């Protein structure tokens, strides 16, 4: 273990600038996969719009011991696995997400009898802002590492903001509203005018300045002359005039005067924000305009209660830090100067403490992770099951096992402060003024998190977007500085947007210095120092927004039914922000984005996320929380102090160092898997029901056809029976005349054989004269000489013959013989009118 520990220290210090002469034992040779041909052609299917390859090199991803090709594009560093021919997620990182990268040279351990020069391994270590540390090893005696390093140096530090990929891929193809319009619409919602909608035309014409009984929307900062880091529209007390706002802003740091961020339309309580007051070294400076403005936040109670509501002034800083700022003209308020007020200090550390805390947490996770960049000292990567001093579950619950990073303690402080603010506003209907030093870091964290606790709308996907755009973007959180994004505007508004280049001064500890001195003294060859690069690194870099999203994830864990969005939505949001792929979070404030025209020239992050969700049906996308139940938490969330014990956020903190732990045992993942199966079954059920409905419709149609056919058949059978009776009647009638009768179909009358000369008569049936059947009647040849032939006296022989020459057969025709057919046309319905005495037919025997 001594060797492993020594190796871990060396690689860890390499981030701060090792020299190539360092010898690190315990690193075996890498088994290289021979790659004869470049695989650039295999990357084309993975490239995004307007993404192009700038450099490439063949190497091994040490974290997973996987060989492949490393590409540097104008947007990201891509690792294409040689085995799977797929892009590896761990080895692929957007260039803007890279915090720093270093070249490391490691001497491998030589054999006892080996006489050749000690071989070296050439490594490239890339540290990301998203909690990953990845290590690439390159083929020796090639210039591939140099090519990749130089490309990273060029494209992670572009000369102009317009060289960013966000502007190469062009604006969003989806129609979207302007951020100013969305801000005004959110103000309308807070004023109780949610049914109204603004437009860019209304804003340009100044028609958005509406008000209610307590508050109004002011355009005093429309040109950003009063406060360059505030939005163009401000929500202020109705009783305060614009000229009073101009006076009050001079008493606050950077002119960030107290303005309303959230208000309760039912009670009249407000949540306001500002920067620190400029009370001076003796803490005795005052401003009547500022005191009147703060006092106007405390409106009278809306329920008829006597007096005015209480005012809390929440200072996010430790008390000693607030007092120390007095030396620079800052400080904190005095409760005696503000009506019915109380000052509270939350003791949240500054941006530098947050930055160092996250670095320690990232190093700790990389040390012990299953995909650690340091394979020798990683317990989990070598088959272990502990994180150094505890199992995985206890690691998540214990702060002490996180390498004394202090990250979870900072998270708890922000959560506790926000919960306290929300409780005072919700339970006491008190008004709250929150500030820190400049009012754009800790102030934003507390105000935005307290608003999330107070307002259920902000716990929906659309509401969360409105919250981020209002409190983080519109109110000037300096994303360009805090997230290490290039660049911020420099100089006048007519100057081009250039990167703020900062000198790269790595933080080298005393142990690192002594280690370097020891390595140099043991080195027998003179080699130049290793090159390193801290991209966009400055003293202002700090993961403030990342920390706030972490706090939101803690609330999501505590209240799984209260949020429409899931943890995956928060992870994707962070990745988009850190990647600089979209223009929403570029620059430091609304003024800079407006001057640069960022919104018109780049894609929109919110539309990209909406497009991801739009590809799925309903709420089945991973961005939606399966447990969301808006009726269960339709009011403020007020977590007790005991519930504010944070844990690691596995979906973000552990996804690179221990991917299996980030997903295993996750209830949401299991439920989502069950929901996917349920969705498939539901689709199959819907398809079966649709097929059943189609079959039912077909059966009903066939049944109706059968019924119709049955009716036609019955009608035909009735007609057939009637025709049969008619045939029998005609047959007997004609046979009574001494004729032989054959009844057949009309088409085979001619085929009726005759043994003797016959004559055929077509006999019709029915009043309309249409022929229903044909009757073939064989009539004997007219032999007058035959005795007893009754043909000449056919009528006289008919029983219906009357003595007066008439016929009792209704509508009967005359019978004619002698080589002619006998034609009979009778109305057979008349038979029913004949009496029994007129009956002609005898019953058949």
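Cβ coordinates are placed from backbone N, Cα and C, and glycine is handled just like the others.
Source: prediction; values computed, not measured.
What TrEMBL lists as domain 'Myotubularin phosphatase' is 177-653.
According to TrEMBL, the feature substrate binding site maps to 350, 351, 436, 437, 438, 439, 440, 441, 442. In sequence order, 275, 276, 315, 316, 317, 348, 442, 443 make up the list of same-chain residues 6 or more apart from residue 436 (substrate binding site) whose Cβ falls under 8 Å from its Cβ.
Per TrEMBL, the feature active site, phosphocysteine intermediate maps to 436.
Feature annotation from TrEMBL assigns region 'Disordered' to 486-512.
Sequence annotations record features per position, and here TrEMBL assigns compositional bias 'Low complexity' to 502-512.
Taken from TrEMBL, the feature coiled coil applies to 671-705.
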Would you mind listing, in sequence order, the residues at least six apart from residue 350 (substrate binding site) in the same chain with a Cβ closer than 8 Å to its Cβ? 317, 321, 437, 441, 442
Can you give me the residues near the recorded substrate site, meaning same chain, not 350, 351, 436, 437, 438, 439, 440, 441, 442 themselves, Cβ no more than 8 Å from the center of the site's Cβ atoms? 316, 443
Here the 10 Å Cβ neighbour count for residue 440 (substrate binding site) comes out at 27
Just to confirm my parser: what is the rounded mean pLDDT across the coiled coil (671-705)? 88
Cβ-based isolation winner (fewest other Cβ atoms within 10 Å) among the binding-site residues 438, 442: 438
